[in-house]
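Undergrad: I am attaching a structure below and will ask some questions about it afterwards.
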C-alpha cells in the first residue's frame, strides 16, 4: 500500500502510538474513559482533524512557544502571571494549529505531489475543504476569544497576527522568501506578549522580534531544504531554492545575526552568565546542525530543523535562571 493510500485507521494508529510513547497515562485515560464512547464516524473525523492540526507533530508549537515565553520573562522580569502564561500557551497551540490548517488549504493541490506531504488529510481527501475552513475559523475564533481577555493594545496587535498568518501559505507561490513571512508571523507573539504585560511595546521587544524573525528564517530554510527537489518540480518557491549551493553559508550568516541580536538584548537587560551560557549552548547546537547537513541529505536537514527546539529551550532556561538567581 502506498503512502497516499493509508486509511484513517492507519493514521489513528500512528497518532495513538505517538501519544502512547510520549504520555502513556494520558493515552490510557482518553482511550478508556472518553474515546470508546465516541461513535466511529465522529472518531474518524476527529483523528483527521487532529492530523490536520499537526497534533501528532508538536515541534511547530514548541518553536512558536519559546520566543513567546522569552518575551513574557523579559516583560515580567522573570515572573509572568499564571493568567498570561495560560492565555499565551493556549493561544500558541490554537494559532499554530490554525496556521497548519490554512497552510494545508492553500497547498491542497500541491501536497499530493510532494512525498513528505502527500499523506495529509486534505491531500488524501479525508477532509473536505469546507470542513478545513470551518476548523480554521473555529480555532481562530477561540484564539481571538482568549485575546479579548487582554488589553486593547494586544487586541489591536492580534489583527496583524491574523493577517500575516493568513498570508504566509500563499507567499510561496509569489516570492522566494515565504520563510521571512513565517518569521514575521511566528515572532509577532513577542510584541503581543509585551503589550499584554506592560501595555506598551518597548524597543527591546522589537529587537527580540527581529532576532526571532532571523532565527525562524534560518531554521525554516533547513525545513525547505527537505522538500527542495519536489518544490522545484511543482513551482513552489523558498529560500532553500533561492540560496542554492550557498544555503549553508547563508544560514550561518543569518544565525550569526540572530545571536548578535540576542547579545544586544542581553546587554540592554543587563543579563548575567546563565543567559550568555545559553547562547554559547545555542552556538553548539548550530554547529551540530551544520555538521549533520554538510551533505544536504533531506532527513538530516529535517533533523537540523527539529534541533532548533533545543536552542529555544536553552535560551528560555538561561533567561529564567538569570532572574531566578536575582538578576
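First residue shown is number 1, and so on along the chain.
The backbone N, Cα and C atoms fix where each Cβ goes, and this holds for glycine too.
Look at TrEMBL and you will find 59-75, 82-106, 132-164, 176-194, 206-226, 246-267, 273-292, 304-325 tagged as transmembrane segment.
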Undergrad: Which residues of the chain, 6 or more past the ends of the transmembrane segment (176-194), have a CB below 8 A from one of its CBs?
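TA: Answer is 63-64, 67-68, 70-72, 74-75, 84, 88, 91-92, 99, 147, 154, 157-158, 160-161, 164-165, 167-168, 200-202, 205-206, 208-210, 212-217, 220-221, 224, 237-239, 241-242.
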Undergrad: Any contact between the transmembrane segment (59-75) and the transmembrane segment (132-164)? By contact I mean 3+ C-beta pairs closer than 8 Å, pairs at least 6 apart along the chain.
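TA: They do not touch: fewer than three Cβ pairs between the two stretches lie under 8 Å.
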Undergrad: Mind checking which residues reach the transmembrane segment (304-325)? Cβ under 8 Å, same chain, six or more beyond either end.
TA: 59, 62-63, 65-67, 69-70, 73-74, 77-79, 215, 219-220, 222-223, 226, 262, 271-272, 274-279, 281-282, 285-286, 288-290, 292-293
Undergrad: Out of 82-106, 132-164, 273-292, which stretch touches the transmembrane segment (246-267) the most, going by CB pairs under 8 Å?
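TA: Maximum Cβ contact count belongs to 273-292.
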